[in-house]
Amino acid sequence: MEEPQSDPSIEPPLSQETFSDLWKLLPENNVLSPLPSQAVDDLMLSPDDLAQWLTEDPGPDEAPRMSEAAPPMAPTPAAPTPAAPAPAPSWPLSSSVPSQKTYHGSYGFRLGFLHSGTAKSVTCTYSPDLNKMFCQLAKTCPVQLWVDSTPPPGSRVRAMAIYKQSQHMTEVVRRCPHHERCSDSDGLAPPQHLIRVEGNLRVEYSDDRNTFRHSVVVPYEPPEVGSDCTTIHYNYMCNSSCMGGMNRRPILTIITLEDSSGNLLGRNSFEVRVCACPGRDRRTEEENFRKKGEPCHQLPPGSTKRALPNNTSSSPQPKKKPLDGEYFTLQIRGRERFEMFRELNEALELKDAQAGKEPAGSRAHSSHLKSKKGQSTSRHKKFMFKTEGPDSD
């Protein structure tokens, strides 16, 4: 059966158009061309045209048109440069070192301390030999103020801590970071201050703007009736061994008497150690101080050799004790005890005779005792004989 031939006059449906017909529908300057089209070139502005367009004043007809245009985009701000890391915090250095020299002044200002021992239970003790106070953390440390005459009205007493060693004197003494964060403030003292005053509402805590040093100031009060001195109770709020704080560096407390204008009237100082067992530490340091303070032989001026001791003998000569020439009679019960005491006495007599300490009168007596000893020992002596065997010659 033959298939019916298609009529050429009948157009195929749209989906059946050929590729050539679709290609003819594309524009001549298509996007696949490797060269930019002329229309795109017309839209591009040269740098000269752009500068001229920006410098020309808009005409009356173009002004409304430009106002209707959208505002230009604001330039994107440049990314901020990262800030340099902050330097590590360091201890502030003071521009001056307070003097620690004792100055009694015209008012005879001096310090006093209560007498206390070296027991383990003591919380604060003072060593006169070392001029040093040993105390526990945040415990009461009474300091007595003595004067010969009353200072002028408005006088003040200032307490300041400095490091004792010269290589640390310029550093400001302050608490360690751990104790600064502790909630032990009384509402008056800044957390970084080491020294506080106990039981005085008129206390002032000062931070010097020039030297950055911390100090605590209280008004001077004359002694009460029946008392010869004024007592101030101080507290030390950080241990001497705290890392980040004093760090085992010795400190001095300087107490100054000032007038209302800040002029110095008197000065005194003492060393302080804040520790867990003040009595034990004081006893140890005093023993070491006494060992170091033993008298040594001084060298003559201009001599480079070590001075020899006056006594050149290698060993000290024993002191001769006078012997007692009296004789005593001792009654002893029992033969065994008598023999034991007699042998002990003979041994002592023999020792004295060998050392040459026995007087001449007692030597005859000792020889008589030796003869008696020989007789007594022969009584109990057993003679040993060699047994002759068959092989002996």
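Heads up, the Cβ atoms here are built off N, Cα and C, so glycines get one too.
Noted in Swiss-Prot for the protein shown:
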- 1-44: region 'Transcription activation (acidic)' (REGION)
- 48-97: region 'Disordered' (REGION)
- 66-110: region 'Interaction with WWOX' (REGION)
- 100-370: region 'Interaction with HIPK1' (REGION)
- 113-236: region 'Required for interaction with FBXO42' (REGION)
- 283-325: region 'Disordered' (REGION)
- 305-321: motif 'Bipartite nuclear localization signal' (MOTIF)
- R335: symmetric dimethylarginine (MOD_RES)
- R337: symmetric dimethylarginine (MOD_RES)
- 339-350: motif 'Nuclear export signal' (MOTIF)
- 352-393: region 'Disordered' (REGION)
- 368-387: region 'Basic (repression of DNA-binding)' (REGION)
- K370: N6,N6-dimethyllysine (MOD_RES)
- K373: N6,N6-dimethyllysine (MOD_RES)
- K382: N6,N6-dimethyllysine (MOD_RES)
Where R337 (symmetric dimethylarginine) falls in three-state DSSP terms: helix
Secondary structure composition of the region 'Required for interaction with FBXO42' (113-236) [DSSP: H/G/I, E/B, coil]: 7 helix, 43 strand, 74 coil
Predicted model, mean pLDDT over the motif 'Nuclear export signal' (339-350): 89
